[in-house]
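A quick write-up on the structure given underneath.
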Amino acid sequence: MPEIATISYPVSEKNHEASANGNVNDLSQPDASQSKNTDQNRPEWSNKLEFLMSCISMSVGLGNVWRFPFTAYENGGGAFLIPYLIVLFVIGRPLYYLEMALGQFTSRSSVKIWEVSPLFKGIGIGQLVGTTSVVSYYVSLIALTLSYMFASFASVLPWATCKETWGDNCVDSSLIANEMRDNNSSAGQKVSSSQIYFLDIVLKEKDSIDDGIGAPDWKLTLWLLLAWVVIFLVLVRGVKSSGKVAYFLAIFPYVVLIIILVRALTLDGAADGVIFFIKPQWGELLNPKVWKEAVVQCFFSLAVGMGPVIMYASYNNFKHNSYRDAMIVTTLDTFTSLLGGMTIFSILGNLAHNLGIEDISKVVKSGTGLAFISYPDAIAKFDIVPQLFSVLFFFMLFVLGVGSAVALHGAIITAFWDAFPKRKYWHLALILSTIGFCTGLVYITPGGQWILDLVDHYGGTFLIYVLAIVEMVAIFWIYGLDNWCNDIEFMVQRRVGLYWRLCWGLITPLFMIAVFLYSLVEYKWPTYSGQEYPNDALICGIFIFVFGMSQVLIWAVWTVTEDSTQESVWEKITKAAKPSAQWGPSVEHTRKAWLKYKEEARTRRDDIIYAKNHSSIVRKLYVLFGLYDDFIRLDSTKL
């Protein structure tokens, strides 16, 4: 093995002591701040554990307990698990580590990081559009959890038994299997009282939105307001306040989820539900739709392509071990999804048993119904204080939702704060939270769930996914895989392995492009519960997607036209695609060391690749496989 080159550079004595003593691996020790951000007095996390807990509370959210189970439910249960795990390793984890490293390397928001290639600044703006779309409906789901949580304080759970006005086919959710069969001899499809309560009492859902979506429900309006107030209070002081709350937001949900799982596994029929969840249907592995849904779920669960990962990491100390945290969070996120899946499919198995339905895939409607129908149905069957378990469960959903919403909304606020650094953070938080509340009123109307699915499809899924593809291309094919690997090696002092190089440079972008092309070829207009949307609604959904994507073109044109030199248009485009003078670490002495490191790495690479007169293809393979040199390690005695 060639000798490892050493580069020395000046840094603070405090950082020298930290590295020499091995504190870089101690999660409980505070990071030593090098200096303030050049743009503004950017705060840092009080300690490394706050950052990790915040990332866990962000990625472990309703996507794990609500969206993952119903996505698996719609795609064959166990047939979905294998594609999901594969997608995690070839798309989810590489993207998560990339975005975490981008934020930490630059100490900037998801918009400002595009100094790496100003031509693509519109990616960050477009991602804000997508993130805003997700936040707008995500908080309305939190409002539903609050509605259920406070309703759980009743002496009898309001969804546990049927009311006379709910029809003859209503089945009490509180009944066990034998009682249910004895009390329901009439013909016709049975419907659980928990399903009727959710659709008719809470949502007052419309069968069609041809005549409009209706007015917001006043009770849900109050819950929506309360949800936004909580989110604002958590964010009011940025990471100084959200970091303290992160411990509770990250840990508490696991306690309740495990309790619910233990109870669910004791229910009759639970084993059938678990088998349906974990038993793969091998034929479904050849179904591209399953793979596409696995990719979508991975994005939603990890919150990649939306900005919060970059935002949280931008408050890190430059030398923080982000590699370790990325591995912890992505692994824990997957574990939580599996835990949530085991829980809800145990409940679905019991529900199928009680309703006398053999096919578990036909038990309930998908979507939000799995969280707000199946879970309440199981809780209603608890023999001991079901009210207590119900309060705990919906409080857990509330905590999960708040953790993710704080990260998503925080990414939006930070982007505006970086753009308007003279404004106080809490002022921006108040303004944007107020706008978020007003926007969220759309989703608590009788037609709100129709709109939620539409916005999620075009703004929360399609838009974010396509922008993530452009992001990968811009970083690894325009800025360059080699340049990025040098940057990240300088920052985390860790060799970029073959797995990361292959994923970043080849597998991940090509896989994502292939899934996108399949989505276009097999594209079908979205529906809600099997019903088609009115044309006006579809036009609004398409507008969200087009508006977000158009930001890439608009800002690219703006960047090129702002160049007042006499160069040709192509020369201006080429120059705009290269990093600006603001790209790189924000701290001056670290920036100087980085530039020196890059020059040393480039010289070492050129001595090997160009000295042997390799063809351009061979040179690219050298870069892709990292064959041109060994890791140029910085002198640890100078860190």
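Keep in mind that glycine also has a Cβ here, set from the backbone N, Cα and C atoms.
Residues annotated as compositional bias 'Polar residues' in TrEMBL: 18-38. Annotated region 'Disordered' per TrEMBL: 1-43, in sequence order. According to TrEMBL, the feature transmembrane segment maps to 78-98, 119-150, 220-239, 246-266, 294-315, 327-348, 391-413, 425-445, 457-481, 502-521, 533-558.
Each of 119-150, 220-239, 294-315, 391-413, 457-481 was scored by its Cβ pairs under 8 Å to the transmembrane segment (246-266), and the highest score goes to 391-413. In this chain, the transmembrane segment (78-98) lies close to the transmembrane segment (294-315): three or more C-beta pairs between them fall below 8 angstroms, excluding pairs fewer than 6 positions apart. Most Cβ pairs under 8 Å to the transmembrane segment (119-150), among the stretches 294-315, 327-348, 391-413, 457-481, 502-521, belong to 391-413. For the transmembrane segment (502-521), the residues of the chain that approach it from at least six positions outside its boundaries are 90-91, 93-95, 98, 288, 291-292, 295, 462, 465-466, 468-469, 472-473, 475-477, 481, 484, 623-625, judged by C-beta separation under 8 angstroms.
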